[in-house]
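*Asks:* Got a structure for you, written out below as structure tokens; questions coming shortly.
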Amino acid sequence: MNSPSIAIVGSGPSGCYLAQALRKHWPASQVCLLDRLPVPYGLVRYGVAPDHPGTKAVTRQFDRLFEREGVHFIGNLEVGQHLPLASLRAAFDIVVLATGLYADRQLGIPGEQLPGVYGAGRLTRRFNDHPDEVGFQPELGQRCLIIGNGNVAIDVLRLLSKTAEEFGGSEVSARTLAHFQRQPLARIDIVGRSAPDQAKFDPVMLRELAQLQQVRFEIQAKDLHCDSDDRLAQAKIEALRLLAEHTPSQPPRRTIAFHFGWSPEQIDGERRVQGMRFRASASRDETLQLAADSIITAIGFAEHDGQALSQHHLAGQHANPAHGRLEPGLYCAGWFKRGPHGTIPDNRLDSRRVADTIISDAEQLPLGKPGLDALPRGLLQHCTDYAGWKRLDAEETSQAPANRLRQKISDLALMLEIARPTMTGEQQP
């Protein structure tokens, strides 16, 4: 059979892993990764905590897609806004949506709209200098509540608790660090619905908190016991014990208190957040009241209001979203497919399964659409390509201070100025 033309919308881990799998099966196929931002790698660049460079290093594997395997990157192109999905499908034999989930999931309780309530996803993007968050200046005050006991909650907790010196070797910019370090945070309460041995965090992430230099931890004695034989549950309790026994290497300037088994009930305040009330998840007859100047929700992600592409609206009569099929020729992968669950390695496995579905379906699909050549040239003139990303990457790394890996550029106009093809004959995507 002929090799298909393939467009993957979203250049994060799911999109890149899917491109790998499809390119391996069809070496002669045209594969294009599209992104609304001028740069590739999505969640790795803007969602992984900027003090975890080891996790971000997976992009070196993805670089090979563009440098050795002939995959095209087309940035600064938002499907559904700049280009209708129908037009993309008319140009490519196979279209896959791997745009992820951008919005922070809502608590759905009274008071959530008060000033001082922030989403963990947005806060993480701010730490990563995402261009969407250039003007986002969260005011945290002296007491902050983090709602959630997953890895994202632990990421935010760690980022807010480090001293300036502890960010050495990271990607956190001086301007971002200056904003958060000037805030007088004295206490962070982190609250989750589950019992400690059932919390969603990775024990490794929790143990990393023991390296914080100027922090003391408060954990109730009842939360340091484990009756389960499950090894993961035991590892979580052992990590909590490590924190409970932690002695800071410098005088503590901040207290972190863990609370398990409490469900959010109401956010209190008039013109701004003043506190939050919880109810015991198990008995429902106990309440917990905590004062707060700010609240950060870390309970997952969802489609944002007005999102141009929605799985629910795109699923056709023959849809099988569990296998990645929305309708013949249109597929989905990653969090867009299965919701906000799983790590980067989980996305790799999921993308391989979606690739299997596409490969199986392709035998019945009409092939032969021209792909990239069918997109309007005027549209592509406003796009960026992989060569442009490498220019931006070189600029960021060359401008990095001595104790940073890069100096991220967050101004969208400047990103485009550097990344767009020049007028000296450089090829468009």
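Counting begins at 1 with the first residue displayed.
Glycine residues also receive a Cβ, built from the backbone N, Cα and C atoms like all the rest.
Sharing the features that TrEMBL gives for it:
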DOMAIN    5-165  domain 'FAD/NAD(P)-binding'
BINDING   Ser14, Leu43, Val79, Trp335, Gly342, Thr343, Ile344  FAD binding site
BINDING   Asn149, Gly150, Asn151, Val152, Gly342  NADP(+) binding site
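Looking at the shown structure, what environment does each listed feature sit in?
*Replies:* Counted within 10 Å of its Cβ, the other Cβ atoms near Leu43 (FAD binding site) come to 20, all protein chains included.
Non-local contacts of Val152 (NADP(+) binding site) by the CB criterion (under 8 A, 6+ apart in sequence, same chain) comprise Ala120, Gly121, Thr124, Ala298.
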*Asks:* Near Trp335 (FAD binding site), which residues of its own chain have a C-beta under 8 A away, given they sit six or more steps off in sequence?
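*Replies:* Long-range Cβ contacts: Ser14, Gly100, Leu101, Phe301, His341, Gly342, Asn347.
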*Asks:* If you measure every Cα to Cα distance among Asn149, Gly150, Asn151, Val152, Gly342, the residues said to bind NADP(+), what is the biggest one in Å?
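*Replies:* So the binding residues stretch over 15 Å, Cα to Cα.
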*Asks:* Applying a 10 Å Cβ distance cut-off over all chains shown, what neighbour count does Gly150 (NADP(+) binding site) have?
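*Replies:* Cβ-Cβ neighbours of Gly150 (NADP(+) binding site) within 10 Å number 19.
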*Asks:* Which secondary structure state does DSSP assign to Ser14 (FAD binding site), in the simple three-class scheme?
*Replies:* helix
*Asks:* For FAD, with binders Ser14, Leu43, Val79, Trp335, Gly342, Thr343, Ile344, what's the maximum Cα separation in whole Å?
*Replies:* 25
*Asks:* Counting other CB atoms within 10 A of each CB, which of the binding-site residues Ser14, Asn149, Asn151, Thr343 comes out lowest?
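*Replies:* Taking Ser14, Asn149, Asn151, Thr343 as the binding-site residues, the minimal 10 Å Cβ count falls on Thr343.
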